[in-house]
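According to TrEMBL, the feature domain 'UvrD-like helicase ATP-binding' maps to A:63-358. Annotation comment: TrEMBL describes A:Ala84, A:Gly85, A:Ala86, A:Gly87, A:Ser88, A:Gly89, A:Lys90, A:Thr91 as ATP binding site. Here TrEMBL flags A:359-643 as domain 'UvrD-like helicase C-terminal'. Residues annotated as region 'Disordered' in TrEMBL: A:727-775.
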Amino acid sequence: MRITATAVLGRAMSEAAPRLAGDMASSPSSNADAVQPVIVGWPTATVPESSSDERAGGSRLLEGLNPQQRIAVEYRGQALLIVAGAGSGKTSVLTRRVALLLEQREAWPSQILAITFTNKAAAEMRERVQALVGQAAQGMWISTFHSACVRILRREAEHFGFTKNFTIYDSGDQRALLKRIIKELEADAYGFTPSNTSAKISKLKNELSDVESYSRTINTNDPQELVFLQVFRKYTRALADANAFDFDDLISQTVFLFRAFPHVAAQYQQRFRHILVDEYQDTNHAQYSLIRELTRAPEAGTDQLATTRTEGASLTVVGDSDQSIYAFRGADIRNITEFERDFPGAKVVLLEQNYRSTQNILSAANAVISNNFDRKDKKLWTAVGDGEKIVGFTGYSGHDEAQFIADEIEKLRNAGTAYSDIAVFYRTNAQTRALEEIFIRAALPYRIMGGTKFYERAEIKDALAYLVSVANPADIMALRRILNTPKRGIGPATETALASFAENNGVTFREAMRRADALGLGPKVTSAILQLSALLDEAQAALDDAAAADRPTASATAVGDVLSLLMTKSGYLDSLRNSRDPQDEARAENVDELIAVTKEFAKNNPDGGIVDFLTEVSLVAAADDLDDATGSVSLMTLHTAKGLEYDAVFLTGIEEDLLPHRMSANEPGGPAEERRLFYVGITRARKRLYLSLAMTRAQYGETAVAMPSRYLQEIPAELIEWRQSPGNVNGRGGTQSRALNARRAPSSDRWSVRSLPEGASAGDTRFSGGSSKPETAWANRITAKVRDNGDLELVPGDRISHADFGPGRVNAVTGEGAKRIAHVQFESAGAKKLLIKIAPIEKLD
DNA sequence: TTGCCTAAACGAAAT
DNA sequence: GTTTAGGCAA
């Protein structure tokens, strides 16, 4: 997949672009005694255009709403919970609620804080509010939890030992740091790994534990706990020394800030009068606490105006406990289920009418989710009618399943559904491989959302580390990363020498680099360090000049210039271009792409500096680069799919151990969460829903037998039309019907139940090496190798033979070069489109 | 210190 | 299956 980062940023940026006219002074709390009441800063320019007839405006915003939606838009009070079933129009309700507040002049834009989970959702909300009320929407904070917190922390960082140019460590950075620490403390002897440690630290931070509070809870007789405490302490100190926050810190540190400095909190409590939170079911404890802090009534005496506001902000939360799928990230479903207890007097509005899907799809969703006990009963319904039946398909293998999907997509396309209205969902990113292989061969345009992200690529992290080293010289992790990238002959030994020099002389690591000649190292190494150091200084100076310049866009364009400078003068780009590794060429292109991203950033954010740029790239999310206008089928995980909708949806890999994932079995509430995930997937579909699975799935290099997911049986049989049911899958060319069944044979004859493959029982899903029968019977229909037919020339009329589809005749050839596509009519397999370059075909004479 | 090789480990979801 | 850790020669 090619990079879409430019588009991502372009959009994400527009959220921050209109500098808030009513924004708070840049560091209002630097002087605690001179707290400025926020109201002073609001220019009248942001006042909504006064509508001559506010009531008319109101009714315009209420148009087309059902009674419950209307209540949700109009209710005014301290706390409102909108329980919004899937597809019940909650975004519409949220945006209209905001628009109404603005239009009725109940709130200034700057008094509104709306929190969403992704930048994309934030951008969409902003657009929709803007469409309703125009310019009056400017100045609202519509952002994710994380970007809102970064914004606050950058302003207030100096209160607790950080500076505003702090770095944000993503999970990769976090693990790299932990890896070092675990090694230094030899904590691996106690079973600590970067991944389990980061999970544990993350969990603690989401519970608002810090090193001190955690140390009070541990059993001091348990050496393992003591070692972990050491790791945690060292990690925390390393972050502070590097002037860095990890993802979880962004939320928890903001809460700590508010708790430690009530006068700081008071500013935000006074400022935000209306707080709206989307996807409330996915908030974790830290996020919940943040909301609590923000909606608290400001402490008396902190407001210098006579017209002291004593009430806390009004809170509107929207959510659906049936769609809570982020428990693994610390989301606490109780935040929403106990909302009424948390906020006494809260109004609850239930939205059950669905405007998205057909009744068949909703009935399936309702049936599935009703198997989760311990939930408030809620039934989605629609007025649009039953619609098509759900289509089921069982393939012999993942490739077979993928082929079915590709064929169905072509059928849908021929029937008039655009590729961009079609999506394929899967549980794990690893499942994309089979889909991609088939889609490429079928010449189906597709896009993978999320997965390995642009910003996680090593070369991009390298390039960004250069920028970070300039923006935040305290960040030793970034410095270490670039120290020997490209290869300069600066190895671990030299690095240690620099670090101990810094420590012994009480200077920073960065300063030690400047004084490298005092280290007594070899001349080659010394000059390498000095050169790098000088380059970083040069970049820093260039940025300072730009900031000092009076041209409005100077600092933004400087980011790109500085990145170019760093990449060129460091020799990084050259080293990639001159490398023998053919992949390095693509890496160099990616670096160029990143430079292009900075240019795009400059265009969208004339005032943005290097720190703003780095913040943006740290917080882009998997779902953010969705661009439905590209005419491609969208592939994504079920998690990424939340909040999206498509005309046709393919839910793939509906198998035991995949959905529910085998890892979920050990976790309390695991199967229920997996069921919600399935539910989320089902409810993304507007008109057509396809459920597919495979009988064998190649994973981890082995082929394993797959069982139909238990959730399949929860869907009433009459809703599904099985093209090939799990009981009727025949091996290719074989006649024997092989039945596979879910763990327990259902008493009903939902699908014909025969016997399990010999030797395979429910608990034993892996073929032993000896039993080769399944492999031969269901050998992958597609070889994993990508072939290259090179310059195979085909013209209409040619006869060809395909490895899977057999003989056929070429009807037409379209496309250019490597993308030439043959339209072939096969004798038995029907019409297919094939990418000539890689299709397993031979020309017949 | 780098680069190349083999051996072994490791496989979920993501702001 | 892919990525990473470690060993060894240049």
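Keep in mind that glycine also has a Cβ here, set from the backbone N, Cα and C atoms.
The Cβ of A:Thr91 has fewer other Cβ atoms within 10 Å than any other of the binding-site residues A:Ser88, A:Thr91. What surrounds the ATP site, by Cβ distance within 8 Å of the Cβ centroid and not counting A:Ala84, A:Gly85, A:Ala86, A:Gly87, A:Ser88, A:Gly89, A:Lys90, A:Thr91, is the set A:Val93, A:Asp320, A:Leu351, A:Asn354, A:Tyr355, A:Arg356 from the same chain. A:Ala84 (ATP binding site) falls within a strand segment according to DSSP. Each of the binding-site residues A:Ala84, A:Gly85, A:Ala86, A:Gly87 was scored by the number of other CB atoms within 10 A of its CB, and the lowest score belongs to A:Gly87.
Within 10 Å of the C-beta of A:Gly89 (ATP binding site) we count 21 further C-beta atoms, all protein chains included.
When pLDDT values are averaged over the domain 'UvrD-like helicase ATP-binding' (A:63-358), the model yields 90. With a cut-off of 8 Å between CB atoms and residues at least 6 apart in sequence, the same chain places A:Ile82, A:Ala84, A:Asp278, A:Val318, A:Leu351 near A:Lys90 (ATP binding site), listed in sequence order.
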